[in-house]
Amino acid sequence: MCMVIFAPLFAIFAFATCGGYSGGLRLSVDCVNKTESNLSIDIAFAYPFRLHQVTFEVPTCEGKERQKLALVGDSSSSAEFFVTVAVFAFLYSLAATVVYIFFQNKYRENNRGPLIDFIVTVVFSFLWLVGSSAWAKGLSDVKVATDPKEVLLLMSACKQPSNKCMAVHSPVMSSLNTSVVFGFLNFILWAGNIWFVFKETGWHSSGQRYLSDPMEKHSSSYNQGGYNQDSYGSSGGYSQQASLGPTSDEFGQQPSGPTSFNNQI
C-alpha cells in the first residue's frame, strides 16, 4: 500500500524539482572609467543544464569593447537521465496502482503479473540508484560552474586590480538539492518493495514448498517409528503380564493333592 501511495508522489517531486528548474546569478564589473562599467550582468540557466551554451557579455574596461563568455560544463546527460527515470517510474507506478485495485484477479493469473512486477521493480531500483548518483555528481558540477567566484575568474577585466568585480546574488539551488533527495528516497522505496513483490511470485511459494517437504518427511518417519515402538511395547507388556499369574491348569491341580490324601486315610 505504501508503494501505491508514495511511488507516484515521489516520482513527481523528483522530476518536477529537477526538470522545472530555472535559475541565474548576477555579477557587477566596476571599471576605473565608470562609463565602461556594468553593475548588473545577469546570467540565466535552466534544465537540462547545457552550461557551455549559456553565453553572456561583460565589459573589458578597455574602451567600449565587450567580451563574450560562456559558462563551463555540460550536465545535460545526467539530468535528462534522472528525469527520464522519474517520468517512466511515475507512469509505471500509476499503471501498477490501477492493476492492483481493479484487476487483482488477472494480476495473479499464471504468476505472470507478479513475475513482471518483480522484474520491473528490480530494474527501477537499479535505475533510481544510478540516476540519483549520476545526477548528484552532475549537480555538484553545476554548482561549481555557476559559482560567481568561478565565473568572475573568466573575465579579463576582473584580472586587473584597479577594477572591482563582485557577485550581486548567487543562484538558488534548493529545489535541485530536493530533487537529489527524492531520487534516493525513490531508490529506497523501490528497493524496499522488492521483497514484498517477490513474496507474490511463484518463486517464493516454490521455495517454501521445497523447505517444507523434507520437514514433513522427517516428521512422518518419526511418527512411524514411535508407532512401532508403542506396538512392540504393548505386545511385550501383554505377554509379560500373562506369564506372571498362574494358569488355569495350575488352579485346577491344587485341590487334587488333599483329595487323594483323604482317600488313603
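Backbone N, Cα and C define each Cβ position, glycine as well.
Residues annotated as domain 'MARVEL' in Swiss-Prot: 1-202. Here Swiss-Prot flags Asn33, Asn38, Asn177 as N-linked glycosylation site. According to Swiss-Prot, the feature region 'Disordered' maps to 221-265. Annotated compositional bias 'Low complexity' per Swiss-Prot: 224-243, in sequence order. Per Swiss-Prot, the feature repeat '3' maps to 227-231. Feature annotation from Swiss-Prot assigns repeat '4' to 232-236. Swiss-Prot lists 238-242 with the feature repeat '5'. Annotated compositional bias 'Polar residues' per Swiss-Prot: 244-265, in sequence order.
The structure, with features from Swiss-Prot marked on it.
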{"residue": "Asn33", "record": "N-linked glycosylation site", "DSSP class": "coil"}
{"residue": "Asn38", "record": "N-linked glycosylation site", "DSSP class": "strand"}
{"residue": "Asn177", "record": "N-linked glycosylation site", "DSSP class": "helix"}
Asn177 (N-linked glycosylation site) and Asn33 (N-linked glycosylation site), Cα-Cα, nearest whole angstrom: 41
Spatial separation of Asn177 (N-linked glycosylation site) from Asn38 (N-linked glycosylation site) - C-alpha basis, Å: 32
Considering every residue in the repeat '3' (227-231), what is the mean pLDDT value? 45
Restricting to the same chain and to sequence separations of six or more, state which residues have a Cβ under 8 Å from that of Asn177 (N-linked glycosylation site). Leu139
Residue, out of the glycosylation sites Asn33, Asn38, whose Cβ gathers the largest set of other Cβ atoms within 10 Å: Asn38
